[in-house]
Structures are given as C-alpha cells and as structure tokens.
Amino acid sequence: GYLGAPAVYAPGAPIAARAYAAPVAYAAPALRAAPVAYAAPAVAKVAAPVAYAAPAAVAAEYDPNPQYSYAYNVQDALTGDSKAQQETRDGDVVQGSYSLVEPDGSIRTVDYTADPVNGFNAVVHKEAGAHPAPVVAKVAAPVAYAAPAIAKVAAPLAYAAPAYGKASH
C-alpha cells in the first residue's frame, strides 16, 4: 500500500526518512487450453470404375494382288533440273525406270525390276547429251579500296598570358 499521511518537512531540516511503496505483486497467468473439436472424417463416395472391353482385333486389309502405277517428269529451265520417273506394280512384280541429266550434259537412265524370285535388278544406260551443261565460273568481285579520307582539323587555340598592370590609386 501507500503511506497514509504525507511526510512532514521542516524548512532547512534534513529528510528524516524515506518511504517507498511496496512492490506490486502479480499473479501467475492462468493458462487454460481451449478444447479441441474434432470433426468426423468425411466419407467420399467414389463411383465404381468403368469396365472397358478389350479392343477388338481389326483384320488388316490385305490385297493379294496389289497394283499401282505412277509417273512424273520435271523440266525446270530456271534451275536446269531435268528428271523423270515411272513405276508399275502388278502383284509382287515391280517394274520402272528413272532418268536425269548429269552435270556433264549426259542423260543417265536406270531401268529396274523387282520380284520375289530374282530380287532387285537395275540396268544403267548413259547417253551423250545434246549439249553439255554450262559451266558457271564463280569469280569473286575485286575488292575496291578507297583512298583514306583526310580529316580537316581546326588549328589549336592560342592563349595569351594574362597582363598584370599597376593599379592607379
């Protein structure tokens, strides 16, 4: 507690006693844990898996006597490309040929056949061309050198020394 009455002071007299208030006492905090509430786990309803049937075997289409025939021809005057091919199949026998113009202007023709008994066979024919292929010489253009440019530079600035005169009074 506190002192009930104030201390009496006399003018000029020393302090007779000092009084201090008693320390404040604190009680320990009361700790109470809040109750923990647990909810029952939610049960998830899962649908039964979908049953899949095994894929049905698909019978591959089989042609016991395959047949085809094709041909193409390229004559490109811009690039000089000249080639042709044709091929025919009847059952297991393939026959065809292709031709092209070689760089020297000759024409190469290949005739071929393929069958289960003889395998693949090719016969190459080479005919002299009507005109040899033009030879294009690639020459680099000469490098042009320019005379070095002369840069005009201004003359350096001249500075005069300061002139000190006598001041008149």
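Each Cβ is built from the backbone N, Cα and C atoms, and glycine gets one as well.
Taken from Swiss-Prot as is:
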DOMAIN    65-135  domain 'Chitin-binding type R&R'
REPEAT    21-24  repeat '1'
REPEAT    27-30  repeat '2'
REPEAT    33-36  repeat '3'
REPEAT    39-42  repeat '4'
REPEAT    47-50  repeat '5'
REPEAT    53-56  repeat '6'
REPEAT    140-143  repeat '7'
REPEAT    146-149  repeat '8'
REPEAT    160-163  repeat '9'
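Computed over the repeat '7' (140-143), the whole-number mean pLDDT of the model equals 80. Taken through DSSP, the domain 'Chitin-binding type R&R' (65-135) splits into 0 helix, 47 strand, 24 coil. Residue counts of the repeat '3' (33-36) by helix, strand and coil are 0 helix, 0 strand, 4 coil (DSSP-based). Counting residue by residue with DSSP, the repeat '1' (21-24) contains 0 helix, 0 strand, 4 coil.
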